[in-house]
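S.K.: Okay, so Swiss-Prot annotates it like this:
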- 22, 23, 24, 71, 96, 111, 227: shikimate binding site (BINDING)
- 75: active site, proton acceptor (ACT_SITE)
- 87, 136, 137, 138, 139, 140, 160, 161, 162, 163, 164, 165, 225, 248: NADP(+) binding site (BINDING)
């Protein structure tokens, strides 16, 4: 997606409803400063009713934006309104990154790339396993399943309270994705090398269940796409039981990088200074 376009005065956005909570302006603002670029990135709150008009203004360039990020609840409609959604978006039915190119609105979904880049950075070799367990079958699980499958994991077991939701994902992503009810969690965890929580269990004000991680492979990695709190109860449990853990903040940071490079023409770096900046903001808003 990257190119060498002139970066003076380019403007990008994040839109959602609501969008006040988004930390994307902090992330992209940091990269603009450290790379000494003249562009801007800001949050624009758009209601579902107004979203088609927002996209129309983006397409005809009257909005002044070259592209941007899309968050809840607009990801599905952004995919539908794009002129050129890529294969990742097509399979997911949702897009989180938009950009104008040759007069057309292109779309992709970088959530899966953010997920795998976080694991690559924090626990290289995580993808040597043949078996992964994904807890949850909501919208957030789709990109994770897609990314894990595309990295060559042969068996992906989706466990959900409502097994029908998990079955829908199995139908969408192919024969190597298997659906299970919560009662089967312990059984499907046997010898799995990756455990991913994609649910809100363990978020602030959420009571997390106690999970016995011992059926996992000895060198398994447990990760959570939730990053508030940074160490969720599920990660704390896994750590106490001797397993390697990876928090979800890196996914947020890494999923932002492809879009930035597309809009501003420079590849940003996810570093410890950026991570500390976001953690400080999280602490401030507790």
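Glycine too: its Cβ is placed from the backbone N, Cα and C atoms.
From a predicted model like this one, the values you see are computed outputs, not experimental measurements.
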S.K.: Can you figure out which of 87, 137, 160, 162, 225 (the binding-site residues) comes closest in space to residue 71 (shikimate binding site), comparing Cα atoms?
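M.R.: Checked the binding-site residues 87, 137, 160, 162, 225; minimum Cα distance to residue 71 (shikimate binding site) goes to 225.
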S.K.: At the level of the C-alpha atoms, what whole-angstrom distance separates residue 225 (NADP(+) binding site) and residue 111 (shikimate binding site)?
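M.R.: Cα of residue 225 (NADP(+) binding site) to Cα of residue 111 (shikimate binding site) measures 10 Å after rounding.
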S.K.: These are the binding-site residues: 22, 71, 96, 162. Which one scores highest on other Cβ atoms within 10 Å?
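M.R.: Result for the most crowded candidate: 96.
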S.K.: What is the interatomic distance between the Cα atoms of residue 23 (shikimate binding site) and the residue listed as 'active site, proton acceptor', given in whole Å?
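M.R.: Taking the Cα atoms only, residue 23 (shikimate binding site) lies 17 Å from the residue listed as 'active site, proton acceptor'.
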S.K.: Would you give the longest CA-CA distance, in whole angstrom, between residues of 22, 23, 24, 71, 96, 111, 227, the set recorded as binding shikimate?
M.R.: 19
S.K.: Just the number: how many Å between the Cα atoms of residue 22 (shikimate binding site) and residue 75 (active site, proton acceptor)?
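M.R.: Between the Cα atoms of residue 22 (shikimate binding site) and residue 75 (active site, proton acceptor), the distance comes to 15 Å.
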S.K.: I'd like the number of other C-beta atoms within 10 A of the C-beta of residue 23 (shikimate binding site), please.
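M.R.: So the number of other Cβ atoms within 10 Å of residue 23 (shikimate binding site) is 20.
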S.K.: Output, ordered by sequence, the same-chain residues six or more apart from residue 87 (NADP(+) binding site) with a CB under 8 Å from its CB, or 'none'.
M.R.: none
